[in-house]
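Report on one structure; see the data block that follows.
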Amino acid sequence: MPQEEVHDTSSVSDDNLTNTGGGGSNYYNSHNQPNVFVRAIRSIFGYRKTSLTLFVILTIIFTIALSLYDNNLDLTIELPTNKLENEILKSSWLDLQNIARYPHTYGSRANDRVHDYLESRIHDIIKENPYTEYNNDGEKVLYESAKSIVSYYESNNLLVRINGSDASLPALLLSAHYDSVPSSFGVTDDGMGIASLLGVLRFFAQNEQPRRTVIFNFNNDEEFGLYGAQAFVSHPWFKQIGFFLNLEGTGAGGKAILFRGTDYGIVKYFNKVRYPYATSIFQQGFNNHLIHSETDYKVYKEAGLRGLDLAFYKPRDIYHTAEDNIKNINLKSLWHMLSNSIDFANFVSNQKINDSGKDEFAVYTSFLGYFFSSPISALVTINSVLIVLFPILSGPLLFITVRYKKWKIGTSNFLSLPLAIVLTVAIVMIVVNQGFQIANPFLPSSHPLLLVATTTSISLLIYYVFLNGVNWVSPSGDQKLITIIEISFIYWLILIYVTHGLSQNKIGDDHTGEFPFTVLFFLEATASLFGLIGWTFSRSIKQSSNDGSDEPLLTGTAERYGSDDTDEDEQEEFRHHDGNTVKHLMQHFGYDWSLQYLLIVPISSLIIFNSGWLVLDGINKSIQESFAAENLIYLLIQLFSQFWILPILPFVYKLNRFIVFGLTIFAISGVALISFLDPFNQENPLKLRFIQKVDLNKSQDSFVEVYGRKGIFSDILSDMPSVKETHTKVECEALSDGLEACSYKSALAPNVIPGKSLKDYVNVEIVNSSKIESYGLLSGEIIITAPENRMCTLYFTKKKVKAVVIYNKSKSVNNFKSIPDGFSRDSKGNYIYKDVAGIDQLVLNKLDWNKNYHIGFDWLPNIDDEVNTLSVDVECYWADLAPGIGGGDNATNAELAIPAYNELVHYSPNWVTWANREKGLVSVSLKIEV
C-alpha cells in the first residue's frame, strides 16, 4: 500500500470518500456492512497508524525475543540423557574442577601439577585399548616467532594417538592448551577445551575403532607465544595430520562459537554437530586483525592443515582474570563445547573428506540450531545475479509507472530520504561522539544495548519529523514505495562493494562476514518490485479521474472500522491531498503495505539486530584496551542503530502518536541514564593489568606498574594500604592510544623464591666477551642463573646479533660461515639460529626450574664503534602466586609470594578485576656489556 498520503480508506469516513454526485448519500448502507471477521481483518491490515503500530511492536518483540533465545545458553542447550554421554560430561566436569584449582601458567609449579594430572587421566582412559598410544612430547624448538624475534621452547605436550582402521586417511588433530595466564584459574581459557578433549578421548576409547586416525594434543604454553602448538609441528606424528579442531576460550563461558575455518571444504561439516553456533562475522574480524589475540589455529593453518577454531568469546572483561573460575561458568557451557567436539570428531574420523571447497573461504552462520554455509564463489554468483537482475526487472516497471501511469515523483519526494539520512547521521554523530562518548566514554562496557536503543530512538524521531514535514509540504502519490526503492538502491551499492571484496577475498581484506547484505537487498528489492508491479497493472490517475467511477474495490476499502484514536490525524491528511489522486490510489493499493511490511521488516530487523548484537557483545569489552577500540565501538553503535532503522523507514510516516511519544520519553530517559550510569560494576568490571618490576642495575627496590585506560584508575592505587602508610606517590604516564601506565615504589617486595634476596634472582656470568672471529664478527657467551625460573628474554637494544646459540653441553660451535640460515643443530646438540638481517630479541622458555641458561651469540660491530661490546638486557619472569603448589621443598604461603599483587586484588573495589601485563607477575632485569 502506498504511504499515508495514499491512505487506505479504512481510516476515512464514508462521506469523505464515496459521496454520490447527486444526493450525497453514502455508497454503502447499513445493510451492506461486512461481517465482524472481515471488519477485523480490514482493521488490522488496513494502512492505519494503529495497525502499523501493532506491527512495529510485534516486530520489536519478535526480533529481540528470537535473538535472545538463539544466543541464550540455558534455552538452547540440553544436558545429555544418554548414559555414556552423561558419564563423560560428569567426568569432564570433575577434570575441569581439578585442572582449574589454581592458576597454572607455564611459569608455575601448578602447571607441572596439571601436566601430571592429565598424564594420569590419559593413562586411565586409554588403558587396555589396543589401538591407542601415548607420547610425552619433549621437543625443543628454536625458531623466528616474529620479525627479528627468535624463541626457544622446551615442550612437554601430552599426545595421544587413536590409530584408525584406514591408515591411508589423513589424521584428525584435536588440540587445546592446558596452561593459563598467571592471573587466572583458566577455567574457560582453556580448561574447558582440555576437559572437552578428555571427554572426546573417553568417547573414542569406549566406542569402535574409527576409520581415520585421531591425534590429541594437550599442549602447553599457548598464552605467550603459541609455543606448544609450534613445538608439535616438529613432532613425527604431525606429518600424518590433514585436519584439525582447535578448542579455545577467549572469553569466560557462554556458548562456544565457531570462530573461523580454513576453508569451505571443512567448515561445511560443522552442520553435523547437534548445537551449531556460528557466524563468519567473527571470522572476518579475526582475518582483518580487528581481534588481536591469537590461538593455536594460526599455527596449524600456517602449517598447511585444514580445520576449525571453536571457542568461547565473551565476556572479555573477566577473561585472563581471577574471575575466570569455576563459580562463573555453567555446566551447559562445557557440554556445548564437548558435545559439538564429539559430533564433529566422530563424523570426520569415520567419513572420507574430499577436496571439494578446500581452496575457498567459507561464508557461514547458524540460527535456532540450524547451520548454513556456502563457498564464497557461490555467494559471488548469487550476488552478481541479484545485482544485474533487479535493475533489469525494476527499470522497465519504473519507466512504465512514471511514463504511462502518471506517477508523479517530485524532487522533494526523491531527495527526502537521502537528505533525511544525511541529517540524521550528522545529528547522531554529534550526539554520540560529542555527547555520550565524552560524558561517559566507557559505558559500552556494561550497557551497549542502552546506547543502541537510545541512539535508535533519537534517529527514528529525527526521521519521523523530517520525512513527515517534507511529505506535508510536498505530498507524493506513494512515498512508501519511493523510500523502498531508494533503500534498495543503497543496499544495491553495498552489495556491489561486498561482491567485489568477496571476489578478491584474502586475509587482511576479508568480507565473509558481510553475507547478510545479500538477504537484506533481496527482501528490499523484492518489496520494491511488488510495489512497481501494483502500479504497472493499475489504471493511470488520469483514466481514473475521467471515468467517473465511484466504485470501491471488492476489498471494501471505502469502509471505516476500528478505533478513532488516530483517525482524526489521518482524515486531516486526506483533506490536504487532491481528492482524485487519493481515490485512485486507495482503489489500487488496498493492503499491499502489509505484504511489503511483512516481507521487509521482521526478517531484516532480526538479521540486523542479531548480527549487530553478536558483534557488540563480542567486542564491547575491548573498549578498555585502547582509544582506537573505543572509537570503533561507538562507530559500530551508530551503524547498528542506523541499519536497524532502515527497514522501518518506508513506514515511518505512519507511526502512531503514542509510539512517537514513547520514543520521545525513551530517548530522554536514555540520555539521562547514559549521563549518570556507572560504566563498571561487579558484573561488568574494569580490567587492569599488573606487573611488579625490579631493575637490579639501579637498586633492589621493586615498583608496581599498572596499565589501563587513561584517567580512571590512579585513585584505586593511591588507596592501597601500603601506599598510604608509606606516603608513596603514584606516578602516571600517558601512553599511546588512550592508555596510561601508573607506578609506585612498593613496600611489599616479591617473595617468589623464599629465602632469596632480590639481587640473587638474576645473575649473569660472562664466559667469553667480545671474542673476534673471522669476517669481522664478534662473539660472546653468557650463563644466566635464575632460580625457580622458566622464562627469560634477552634484548639486544643497540646492535642486532646475527646468530644465537642455545648450548646443550658442549661449547663447540661451527664456524659462522658454515652455519646455515635459520634453525640448525650441530653435532654436539647445540641449537643455533642464524639471521643475517639481525635478531634483536631472544625469548627463552625451559622446563627445568633450576637449570641455567647457557647462551652464545655473534654480532657485527658498527664501523664507528669505539668499543666492540654488545649491550644485552636480561629480563626474567616469575609467575607463581603459590610456589609450593606441586610439591617440593619450596612450599610457602600463597599470600606471601607476590604480596603487592594480593594487596591490589584484596583492596580494590568489586568492580575491578586484575590481569597480568606480561608473561609473569614479577620481572627482574639486569643489563650487561659483553
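Each residue, glycine too, has its Cβ placed from N, Cα and C.
The feature region 'Disordered' is assigned by Swiss-Prot to 1-28 (among others).
For 1-49 (among others), the entry in Swiss-Prot reads topological domain 'Cytoplasmic', with the evidence type similarity to another entry.
If you look up Swiss-Prot, you'll see 50-70 (among others) marked as transmembrane segment.
Feature annotation from Swiss-Prot assigns topological domain 'Vacuolar' to 71-379 (among others).
Taken from Swiss-Prot, the feature N-linked glycosylation site applies to Asn163 (among others), supported by sequence analysis. All protein chains shown were included, and the count of other CB atoms within 10 Å of the CB of Asn163 (N-linked glycosylation site) stands at 16. A coil conformation is recorded for Asn163 (N-linked glycosylation site) in the three-state DSSP classification, outside any helix or strand.
Neighbours of Asp189 (Zn(2+) 1 binding site), defined as other CB atoms within 10 A of its CB across all chains, total 27. If you look up Swiss-Prot, you'll see His177, Asp189, Glu248 marked as Zn(2+) 1 binding site, on the strength of similarity to another entry.
Taking Cβ-Cβ distances under 8 Å and a sequence gap of 6 or more within the same chain, the neighbours of Glu222 (active site, proton acceptor) are His177, Asp179, Asp190, Gly228, Ala229, Thr295, Asp296. Summarising the annotation, Swiss-Prot assigns active site, proton acceptor to Glu222.
For Asn354 (N-linked glycosylation site), the same-chain residues 6+ apart in sequence whose C-beta sits under 8 angstroms from its C-beta are Gly265. In this structure, Asn354 (N-linked glycosylation site) belongs to neither helix nor strand by DSSP; it is coil. The N-linked glycosylation site annotation in Swiss-Prot covers Asn354 (among others) and is backed by sequence analysis.
What Swiss-Prot lists as transmembrane segment is 380-400 (among others).
Counted with DSSP, the topological domain 'Cytoplasmic' (401-411) comes out as 4 helix, 0 strand, 7 coil. Among the features that Swiss-Prot reports, topological domain 'Cytoplasmic' is placed at 401-411 (among others), with the record citing similarity to another entry.
The annotation transmembrane segment is assigned in Swiss-Prot to 412-432 (among others).
Taken from Swiss-Prot, the feature topological domain 'Vacuolar' applies to 433-449 (among others). Residue counts for the topological domain 'Vacuolar' (433-449) under DSSP, split into helix (H, G, I), strand (E, B) and coil, are 12 helix, 0 strand, 5 coil.
As annotated by Swiss-Prot, transmembrane segment applies to 450-470 (among others), with the evidence given as sequence analysis.
Per Swiss-Prot, the feature topological domain 'Cytoplasmic' maps to 471-480 (among others); the stated evidence is similarity to another entry.
Taken from Swiss-Prot, the feature transmembrane segment covers 481-501 (among others), and the record attributes it to sequence analysis.
The topological domain 'Vacuolar' (502-514): residue composition by secondary structure is 5 helix, 2 strand, 6 coil, according to DSSP. The topological domain 'Vacuolar' annotation in Swiss-Prot covers 502-514 (among others) and is backed by similarity to another entry.
The transmembrane segment (450-470) makes no contact with the transmembrane segment (515-535): fewer than 3 of their CB pairs lie within 8 A, with pairs spaced 6 or more apart in sequence. Shown in sequence order, Pro444, Ser445, Pro448, Ile633 are the residues of the chain, 6+ apart in sequence, with a C-beta less than 8 angstroms from the C-beta of Asn620 (N-linked glycosylation site). The transmembrane segment (658-678) shares more Cβ pairs under 8 Å with 50-70 than with any other stretch in the list 50-70, 380-400, 412-432, 515-535, 632-652.
DSSP states for the topological domain 'Cytoplasmic' (471-480), grouped as helix (H, G, I), strand (E, B) and coil, give 5 helix, 0 strand, 5 coil. At the 8 Å Cβ threshold, with sequence separation of at least 6, the transmembrane segment (599-619) comes into contact with the transmembrane segment (50-70) through 3 or more pairs. Other residues of the same chain near the Zn(2+) 1 site, with their Cβ within 8 Å of the Cβ centroid of His177, Asp189, Glu248, are Ala176, Gly186, Asp190, Gly193, Glu222, Glu223, Leu247, Gly249, Thr250, Thr295, Asp296, Ala311. The stretch from 50-70, 380-400, 481-501 with the most CB pairs below 8 A to the transmembrane segment (632-652) is 481-501. If you measure from the Cα atom of Asn163 (N-linked glycosylation site) to that of Asn697 (N-linked glycosylation site), you get 55 Å.
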